[in-house]
Amino acid sequence: MLEARDLSIGYGTTVVGTRLSLVARPGDVVCLLGPNGCGKTTLFRTILGLLPALAGSVMLGGKPIAQQRRAEIARRIAYVPQAHAPPFPFEALDVVLMGRTARLGLFGQPGARDRAAARHAMARLGIADLAHRDYSRLSGGQRQLVLIARALVQEAALIVMDEPTASLDFGNRAQVLAQIAGLTRDTGAAGCGVILSTHDPDQAFALDARVLLMKDGRPHAEGPADTVLTARNLSAVYGIPVTVETTRGGRKVCLPSLDLQSAPTMTSDALTMA
Amino acid sequence: MGRGTTADVTAPRPAPTLAGWLTLGLAALSIGALMVGPYGLTPGEVVAALVGRGDPQAAVVVWNIRLPRVGAALLVGAALAAAGASYQALFRNPLVSPDILGVSAGAGLGAVAGIFLSLPVAAIQLSAFAGGMAAVAVVAFVASLVRNTDRTLTLVLIGVVIGALAGAATSLLKVMADPYDQLPAITFWLLGSLAAVTSGDILPALPAVAAGLVPLALLRWRINVLSLGDEEASALGVEAARTRFLVIVAATLITASVTALAGVVGWVGLVIPHIARMLVGPGFGRLLPASALIGAGYLLVVDTLARTMAQIEVPLGILTAVIGAPFFVWLLARGRRGWS
């Protein structure tokens, strides 16, 4: 499990966030919400041990993360970055296999069992047919699923996903979200937890997640989606009037005001993805 | 491209057979290279000389004159292409060549200083080797002093800076050098040549190249992962900084060793890994041997041309540039596909 207490995060002398705490156990879905630049990615880099915490502690598996080797961390917590194009045309299966690295020796090569695990993970996400396709030429949604498969074969108890649906079109967004939802349901018993950031509060409702709502590098509210994602909280954090409504099907959706007088403080998500 | 787009799950990996064909082709090229020269030989005469029979004069030509040169061309080509493939994976950029961190500029300065001081050949080679290693060591040290989150970019930029400095020092020595005796030697060295190579020169380079290739071969999977970038490689369990350091040391050792032997031979380490990637895909476990084999064959052909196409020796760097530049333009014209 991950236990981050009273963190100050940032780069060198630049403090990006303070007083942040985050606990994630296997089976949890934790959703980070907040405007661009509020420190979500920096927080992720810190809890992944890629960036030292300026203050506070990050405990992973009961041990300070700063005292663990990279392979040890990678066996406990997996990372799904935003879909990107690599410089070389690896096969999708090779990209998934890279998730096995932490379970190989320094000079080790993935073997038949690793390949089987990779194929299994791809099949589970419904992308088995992509195995021998050139990863650099897949669509954004397909790449995102390949990266999630890579995190699955890492066999870590926790998976961190940095805006897994950003830059995806409407259909791919729904598809990736459905897979994440399926993942947390499937692995609830097996003990896998997901920490993800998103710009879409509806997703937190859809995933029935625990929410950490951030503003300016500080926690604004924390708790179940139903109690945290209120019109009042969302309006305060995003600086625009927001209403939360329940659809006839029983799903909650958040509707921002499109009235320009309310002067949004942040640029559109489509323009910047911090 | 290559196998990357074939969707057949059960298709056998083509690498082993391809490696066999490449090795066979290399052997044929070597025999061909041993045949041509002022004293022409037939394939039969070459093989007879190699197994210690036939005409004694042919044996002298093959063993004493042509074999050291053929061996050196194979070694230098294989080494530069292998180092190029490593640097390209490490710097996540298919347009990178082995001199990205200033190894060629440093080796050039070392050799030019040796020639300027009228040192013996062995000392010039040692000085070139030391210059190449020192340049990269300085780059790594200066880069470690710079606070920047993008370590790779920092290394490349410092490499450019140190390379330019070494180039300036080399130019200064050229201005000060004796224009009748030293300057032609300097110019020739900076363009690369195997004209003066002897078996005694190859022997020290061999173990150095091997010592560099072994860690690269052992780390082949981690080098794949590193090509995703530091952040992702770390999240996947790779000690990125340490592994990168190892790869840089190994690839630099290889490059500096053969640069000391052959002078500055450009383009091989840039172009050959592309060809290899087209044949076997980007996986470093196959890319490394494929690059080495193709690089060896390529430089053998180029060096054979260099010694036979004209009355005088043509510097290798000129030929590799004349062949490499249009090829590279062709790659660019094909767009991103060409990088695969």
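Glycine is no exception: its Cβ is also placed from the backbone N, Cα and C atoms.
Positions annotated as transmembrane segment by TrEMBL: B:21-41, B:70-91, B:100-122, B:128-146, B:153-173, B:185-218, B:245-272, B:284-302, B:314-333.
Among residues of the same chain six or more beyond the transmembrane segment (B:21-41), those with a C-beta under 8 A of the stretch's C-beta atoms are 47, 49-50, 57-58, 61-62, 65-67, 70, 73-74, 290, 293-294, 296-297, 300-301, 303-304, 307-308. Non-local neighbours of the transmembrane segment (B:128-146) in the same chain are 101-111, 113-114, 154-155, 158-159, 161-163, 166, 208, 245, 248, 252-253, 255-257, 259-260; each lies 6+ residues outside the stretch with a CB under 8 Å from one of its CB atoms. Scored on C-beta pairs under 8 angstroms, the neighbour of the transmembrane segment (B:100-122) with the top count among B:70-91, B:153-173, B:245-272, B:314-333 is B:153-173.
Note: the stretches the transmembrane segment (B:70-91) and the transmembrane segment (B:185-218) are in contact (3+ CB pairs below 8 A, sequence gap of 6 or more).
Beyond its flanks by at least six residues, the transmembrane segment (B:153-173) meets 91, 96, 99-102, 104-106, 108-109, 112-113, 116, 131, 135-136, 138-140, 142-143, 146, 186, 190 of its own chain at Cβ-Cβ distances under 8 Å.
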